[in-house]
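Below: the structure, in structure tokens.
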Amino acid sequence: MKSLVLGLLVGSAIASGPLQHVLHAPPDPEPKPEPEPQVVKDPFEELRDTFDRLRNKAGDIWDDVMDNIPNIMSNMRPLTIPAKKFTRRPDSEWTHIVRGADLEALWVDDESGYKHRKIDGKLAQYDLRIKAVDPSDLGIDKVKQYSGYLDDNANDKHLFFWFFESRNDPFGDPVVLWLNGGPGCSSLTGMFFELGPASIDENITANYNPYSWNSNSSIIFLDQPVNVGYSYSSQAVSDTVTAAKDVYALLTLFFTQFRQYSAQDFHIAGESYAGHYIPVFASEILHHNNTNINLQSVLIGNGLTDPLSQYPFYRPMACGDGGYPSVLDSQSCQSMDNALPRCLSMIKSCYDIESTFTCLPASIYCNNALIGPYQKTGRNPYDVRTNCTGNDLCYPQLNYITEYLNKPHVMRSLGVEVDSYESCNMDINRNFLFHGDWMKPYHRLVPSLLARIPVLIYAGDADFICNWLGNKAWTEALEYPGHAKFAEAPMENLTMINSQGKNEVFGEVKSHSNLTFMRIFKAGHMTPFDSPQASLEFANSWLSGEWSEV
């Protein structure tokens, strides 16, 4: 990748109902001024301005980075994120518009006569615009589909989503929110590349996917944070916590419009940097007592969740201890071993003082020292078995998806408002990195999740960047009441009847006290891409309640 560190690709959505508005065509809108590029303050200027507050701790850490990566400052520049060009569609083009202010104004009495809002949360600034997508127009799937935007009117943020109803039993099957990672990669990548109802071939044509996860669940694919995929804003989001408020608002307004889906079980799934997103997003939902989001579990695939436990396993995975031949020579492996103690010390400082001033140096040093040697080989960081080809994200199919999603008739059918689509926005990737989000200990939220819902961590075992060794390690190290019994639980075979009608072992699983870890054989970072049948098998089993203890 042509950035400081590897961007994690995801790697890594429904009928009429209440609060439906009768829409009238507005007068012709006035021309919108050309959006101005958004200049994000140089994070290193911010460091210098306030460094004295953390001099003893952060000063030593930063000196360490400068000693070991002396050219790092010359490679850093203030970030200028160009505002996306867009054309706002008139309200008359949308099938439904749900106003957060209408929902926030609803009060009810509880059993004791105490009045409270029907739905918790600050929703007044949000609207949800929804378009019914004609399935015959794009030929992606025959099921009912909706697309649209969540508008944060107070902050000029507009998040795009695309919903597909279940192919099986829409009013009985669960609903899943799918999130790709990056940070900065579109969830439509996961939709077309991994687990959605269709893939895009070299002729830029949609092909039916028999192993789509909407075989037995309805799915919302969400482009977040803002300025990812079809989403847009004049503002920037640079941390996971800020993004959580928007996701809660979208789900709340979506299930308000489509009550028939709100009664179903709801799950959040994602991969890669979604290992950061999902613990925060799930915690935000569970924080509210009065909600219409029936959250039942979360699924994280090949995620980055606990860097302190995961970073020690870059060297083993690259050097032949992860089940595949070594990618690096002995000198490079030794160099990674030598760098590890300093890296872990820096991550520990980030965990102790969660700030840009401690977390950013850890990201810079550790990613250069432990990911950099592998990156220089030209091997695919998402699959140790292959070389990186096609583009910076190593898969030529991603170019097909981008070309398809930039077709005017596709954008028109979906009600898209931006002028163009890109699969990953590396400015967002760097923005999250420069604000210290990368190394923060979001795994600390998982124990409180486990007290209420099951958590699945799965990992394709050929991935380097968020490898199965590190994911297994952090789940076994997690401090929660079931820690000891989970850590000592044996790995057991995962089996399925394959396409030849034979019983096949496709992975291993261990589970206790609501926490489950799966290793999926012969799959890389994007597990459903490499192992579509096995992925659908374990997803269906999980969503049906297998391994759940709450």
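Here, residue 1 is simply the first one shown, and the rest follow in order.
Cβ coordinates come from backbone N, Cα and C, glycine included.
In the disulfide annotation of Swiss-Prot, Cys366 is paired with Cys343 out of the candidates Cys343, Cys350, Cys388. Partner cysteine of Cys185, as given in Swiss-Prot, is Cys424 (from among Cys424, Cys466, disulfide bond).
Looking at Cys388 (disulfide bond) and His525 (active site), their Cα atoms lie 13 Å from each other.
When the recorded positions Cys359, Cys394, His525 are screened for a C-alpha within 10 angstroms of the C-alpha of Ser272 (active site), the residues that qualify, in sequence order, are His525. In this structure, the CA atom of His525 (active site) is 16 Å away from the CA atom of Cys424 (disulfide bond). Recorded residues Asn216 (N-linked glycosylation site) and Cys366 (disulfide bond) have their alpha carbons 41 Å apart, per Cα-Cα distance.
Of all the disulfide-bonded residues listed here (Cys333, Cys343, Cys350, Cys359), the one with the fewest other CB atoms within 10 A of its own CB is Cys333. Under the three-state DSSP scheme, Cys185 (disulfide bond) falls in the strand class.
It is Cys185 that, of the disulfide-bonded residues Cys185, Cys319, Cys366, has its Cβ surrounded by the most other Cβ atoms within 10 Å.
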